[in-house]
Amino acid sequence: MKPDETPMFDPSLLKEVDWSQNTAIFSPAISPTHPGEGLVLRPLCTADLNKGFFKVLGQLTETGVVSPEQFMKSFEHMKKSGDYYVTVVEDVTLGQIVATATLIIEHKFIHSCAKRGRVEDVVVSDECRGKQLGKLLLSTLTLLSKKLNCYKITLECLPQNVGFYKKFDYTVSEENYMCRRFLK
């Protein structure tokens, strides 16, 4: 399989979020349909492998060495599950991915078999910080989780980032986030 423009999920979902429920302030005003001059907010596609997707992710954390075959296999798994909403911002003038964030839907037995949203891997490339793209991605995915009928949405962040997430009505939970790593 060769990389192409097939989206991970239906792009219309991003256009259908109820932007009137957005709680963040954008100055200048931007939105999922108008993210800024020369920018497009859309689902990840396999062609993004060659548009700097991993370069952007690498500014967040260690990505490791990922072969095109590994990327395609993971992409197809995520796409088929229907529960992964990897969203990117592309600078179409450069043909490069400049920001990304992921919404994962977790199916539960509690709350009458409800769904929980989880935000992961929010990162904006160094060159594009200050253009509100992180805010745009988080606002969009938060509203998308509501549209997808999640009973709540959660994320983990470093203490110094709590203030940023509070702008979106996220609150610090009394629960502790615990982790056990198997890979170094």
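Here the Cβ of each residue, glycine as well, is placed from N, Cα and C on the backbone.
Feature annotations, reproduced from Swiss-Prot:
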{"type": "DOMAIN", "residues": "39-184", "note": "domain 'N-acetyltransferase'"}
{"type": "BINDING", "residues": "Thr61, Lys108, Phe109, Ile110, His111, Glu120, Asp121, Val122, Tyr151, Lys152, Glu175, Arg181", "note": "substrate binding site"}
{"type": "BINDING", "residues": "Gly130, Lys131, Gln132, Leu133, Gly134, Lys135, Tyr165, Lys166, Lys167", "note": "acetyl-CoA binding site"}
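By neighbour count, meaning other C-beta atoms within 10 Å, the densest spot among the binding-site residues Thr61, Gln132 is Gln132. Break the domain 'N-acetyltransferase' (39-184) down by DSSP state and the numbers are 54 helix, 41 strand, 51 coil. When the binding-site residues Asp121, Glu175 are compared by the number of other CB atoms within 10 angstroms of each CB, Glu175 has the fewest. Cα-Cα distance from Phe109 (substrate binding site) to Tyr165 (acetyl-CoA binding site): 28 Å (rounded to the nearest whole number). In the predicted model, the domain 'N-acetyltransferase' (39-184) has a mean pLDDT of 95. The highest number of surrounding Cβ atoms within 10 Å, among the binding-site residues His111, Lys167, is found at Lys167.
Distance between Cα atoms for His111 (substrate binding site) and Tyr165 (acetyl-CoA binding site): 25 Å, as a whole number. Spacing of Gly134 (acetyl-CoA binding site) relative to Asp121 (substrate binding site) is 11 Å (Cα to Cα, whole number). Neighbour density at the Cβ, taken as the number of other Cβ atoms within 10 Å, is lowest among the binding-site residues Phe109, Tyr151, Tyr165 for Phe109. When Cβ atoms from all protein chains are considered, those within 10 Å of Gly134 (acetyl-CoA binding site) total 19, not counting its own. Taking a C-beta cut-off of under 8 angstroms and a sequence separation of 6 or more, Gly130 (acetyl-CoA binding site) has no same-chain neighbours. Maximum intra-site Cα distance, acetyl-CoA binding residues Gly130, Lys131, Gln132, Leu133, Gly134, Lys135, Tyr165, Lys166, Lys167: 19 Å. For Asp121 (substrate binding site), the spatially nearest entry among the binding-site residues Gln132, Tyr165, Lys167 is Tyr165, judged by CA separation.
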